[in-house]
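Just below is one structure, and these are the notes that go with it.
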Amino acid sequence: MPPKKAPAGPSKKTEQKKKEKVIEDKTFGLKNKKGNKQQKFIQQVQKQVQAGGHHPRQDGDKKKDEKEKKLADLREMASIFKPVQTQKVDKGTDPKSVVCAFFKQGLCTKGDKCKFSHDLSLENKVEKRSMYVDMRDNEDDLMTNWDDAKLKEVVDKKHSEEKRRPTTEIICKFFLEAVEKSKYGWFWECPNGEKCIYRHALPPGYVLKRDKKKEDKPTEISLVDLIEKERAALGSNQTRVTLETFLAWKKRKLQEKKAKMVAEEERKKSDFSKGKQFGISGREMFSFNPDLVDDGPIEEGDAAFDVYKREDDDDDNAFEFKELDLAALSLAAKEVDGSGTIASSTRLLDQATEAAKTAAAEDGAASDDENPSSSAPANDAAPFNKDLFVDLAGELDDLDLDDEDD
């Protein structure tokens, strides 16, 4: 009987839809934001979800390992074939003081025309000169290998060198300067010459200034490592953030802020009473001593004002806190009272009756106003003169009036 096939996993489309759903949930309401922080957060979430939860540092370590492997392969190939590279000489250096690289490999075909030296004895001078050894302190050879001529030569040189040897342990400033600037080498010569009485060697344990700067430079740490380090330093015994702990923390912070403000105000009042006015604003000065406002009679151009003492009301600045309890809120909830908000079935009939009563009342008031005015005589009317405009037509004909249009 063949073995059972393993259950097929979810398809790629299903996985992609799940990832898109997760991205949409985490970035809800942020896609239309144009801020730089929001866009960076969206890109970070997309990378994390698409990577399937892999830590970004793992990918970085993998790339680093691949790069180191390639460099190791290149070094191995170079050690096998040993290709001769074209020599480059620094500016100001004599090429004859450098041994030809092709000549050492037996590949130089230029002979005497080669600009580099073919003297292999220069190999010893190519070695870096030690900064901790003074070349004038060389020990003499053993006397067992000397002959008479060598002994005489050594005696003469010994007495002559005693006059030229350094007589102090102070280090030469030119030597220190050359070492600090990386100019010290086989071809370096002291400006004081061979007769320089100062030491041309560093004492044991001496640290150069350039090395001190490298040691003082702080080691750089990546953001991911810093976050992981801080998280590990927190430990596991931490308070979980809930509604109750947050409200308690907020209450404590507000009380601390209020106490700090009161203490600061008391300190400023104490300083002001002692005559110290540094750090006190003008408003605080007048609030501490309102008598400063009444500084004399009002002059021309001054504004009138009134002075009064304001009583401090601590109740205005009091803060009340109330903890939210979901169980108490659910018990206090009750059904909404609908009295006065639900329309009755006879509302239309009541409106018609009220309108009829209002119309009847208005008609009665209008009839009462018309009857007294029609029955009462008009005793206050002025008498009318019938002959007032009899001769007015003749007077109008005698007037010479010019037409305004002319």
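Even glycines carry a Cβ here, placed using N, Cα and C.
Just so it is clear, the model here is predicted, and its values are computed rather than measured.
Swiss-Prot lists region 'Disordered' at one of the ranges 195-241, 336-382, namely 336-382. Record note: among 57-82, 291-316, 57-82 is the stretch given as coiled coil by Swiss-Prot. Applying DSSP to the compositional bias 'Low complexity' (38-50) sorts its residues as follows: 13 helix, 0 strand, 0 coil. Under 8 Å from some Cβ of the compositional bias 'Low complexity' (352-364) lies no Cβ of any residue in the same chain that is six or more residues away from its ends.
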